[in-house]
Amino acid sequence: MRNIRVCALFRPLNEKEKSDHGDSVCITGVDSESFIIKDEKQEEIEFCFDRVFHQRSKQDDIYEFVALPIVRGVVNGVNGAIITYGQTGAGKTYTMEGPNLLDCEEKEKGLLPRVVDGIFDIVKRSDDMAKYIIKLSMVEIYMERVRDLFDLSKDHLQIKESREQGIFVSGVTECLSASADGEPKREAGGICLWPEIGISILAAIFVPGITISYAPTLDDTLFSIWNARIAGKSLIPVSDSAQALHCLSSGIANRAVGHTQMNMASSRSHCVYIFSIQQEMKEKRSGKLILVDLAGSEKADKTGAVGRVLEEAKTINKSLSALGNVINALTCASTIRGNHIPYRDSKLTRILQDALGGDTHTTLLCCCSPSPSNASETLSTLRFGSRARHVKASALENFKGNEDTKSPGSVALIKDESCERILEKMRQRMKIEDVQLLEQLFILEGIFFNPNSIEESKAAYEDAVSSTISSLQEAVKVLTIKVEELKNDKEALAKENKALKNQIIAAQSSPFLSRICRWK
Ligand SMILES: Nc1ncnc2c1ncn2[C@@H]1O[C@H](COP(=O)(O)OP(=O)(O)OP(=O)(O)O)[C@@H](O)[C@H]1O
């Protein structure tokens, strides 16, 4: 099963491109999935993706195709990720945020505000019995450091991994919405009614320095705040999508942005929005959605970057090439099990580990300029997208802590939805032993896998071992160079020593000096 959906998105020509080449573009559409690009040598190359969005595409069409299925999945416990990738100035941030997160026309709204609305909307309309907790955090990877955009004092957060949460950012500030019925009860505006007054006062005592907006029940609020307090985390409760967007907007204002010749407001960091939706019904489900607005790849001669901006560009390009290496390794790894995937080579690839190679439905949006002046960068973005289309993984529902969801006689299996449907049909017609046999066959064939199996633990162990081997190999390289330098120093010293000895011998054999020595 292929897991990474890849779309191409061409923004409208900008003023500079128009003044350089008029209205000409290097792209010709074939159908909704294919197009032809003319490279710098006027050679034509055809690409086929899951969807192509041309210059006049509407933001809501992009949301519907790219994000809506993922948002629906996340609410039902299937992890999702949306990544915008492309050259600097190609429209990644515009696609993600729109022209302005809080203040823009409805039709111009980007993916992020639509996703926030979508999540709150689905939760609000869902089954009364369902209980959802929505959490939201926001970090940027700037110069290889993970910074909390809700709290800039946390500027070197660690990325960790656990069986429960997968990859996560440890100690990050979270916006939280907890609701017993998914129905926010109070609008923002500063007028508090009991129990909100009590909650606000208590929360301020327990967690100094945070803003309490709304949380539905005293129990839920105190429980979450108390838990967060114990875990040493910060918490910002929010009641609805409008408040969540306000939080996000203040986080966006904290992003590292710089001015280059290619983009007046160029992102100098990779920005990662992390949503977690926990649902407590009969079984506990939790889905994680990450939206990633990558910093753009840059050519220093085009951006005119110098000094700090150039240093930022080098770090950005390095992490993007680490991302390329992971994609390359993953396209091979789907056929060769145990192949080392270099996730730990950069913070970006580590944070994207689950999105690229794990249990996540991922869509990669390749943002491009349609101008002939950027044809070579556009081509390289599209080639990256093409490679990513070949990554295979398995997206699975995250059922946690409920024995009922486990298959008979087996440990908690992670399954593709279609496999589960087939098994369910089989259960109605076949003996339970035969269904179990079928499940074992599915595992053996790699159709779905058992996270507790020896094989999976072995893969994790091999990952850790190969990362240790790589760092040891690096250390050996450094030491070999050092030994070489010391050898050279030693040879130079030996030569000097020899030359000095020769000088002394020559001096001793000189008649004039030997007379002085004797006289002395
Ligand atoms: N679909 C679009 N419609 C109108 N304007 C757009 C569109 N996409 C991008 N733009 C404009 O193009 C410029 C560059 O876009 P944006 O900042 O989103 O690029 P980027 O890929 O995020 O660049 P960087 O990597 O440097 O941050 C902005 O002024 C933005 O408003």
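Yeah, the Cβs are placed from backbone N, Cα and C, and that goes for glycine too.
The annotation ATP binding site is assigned in TrEMBL to GLY86, GLN87, THR88, GLY89, ALA90, GLY91, LYS92, THR93. Cβ neighbour count for LYS92 (ATP binding site) (all protein chains, 10 Å cutoff from its Cβ): 26.
Positions annotated as coiled coil by TrEMBL: 469-510.
Sequence annotations record features per position, and here TrEMBL assigns domain 'Kinesin motor' to 3-391.
Cβ neighbour count for GLY91 (ATP binding site): 21 (other Cβ atoms within 10 Å of its Cβ, all protein chains included). Using a 10 Å radius centred on the Cβ of GLY86 (ATP binding site) and all shown protein chains, the other Cβ atoms total 28. Just so you know, the Cβ of ALA90 (ATP binding site) picks up 27 other Cβ atoms within 10 Å once every protein chain is counted.
For the recorded ATP site, residues GLY86, GLN87, THR88, GLY89, ALA90, GLY91, LYS92, THR93 set the reference point as the centre of their Cβ atoms, and the other residues of that chain within 8 Å of it by Cβ are ARG11, THR84, ASN263, GLY296, CYS367, SER369.
GLY91 (ATP binding site) carries neither a helix nor a strand DSSP state and counts as coil. Non-local neighbourhood of GLN87 (ATP binding site): MET262, GLY296, SER297, GLU298, CYS367, CYS368, SER369, ASN374, GLU377, THR378, THR381, each in the same chain, at least six residues away, with C-beta under 8 Å from its C-beta. Mean predicted confidence for the coiled coil (469-510): the pLDDT average there is 87.
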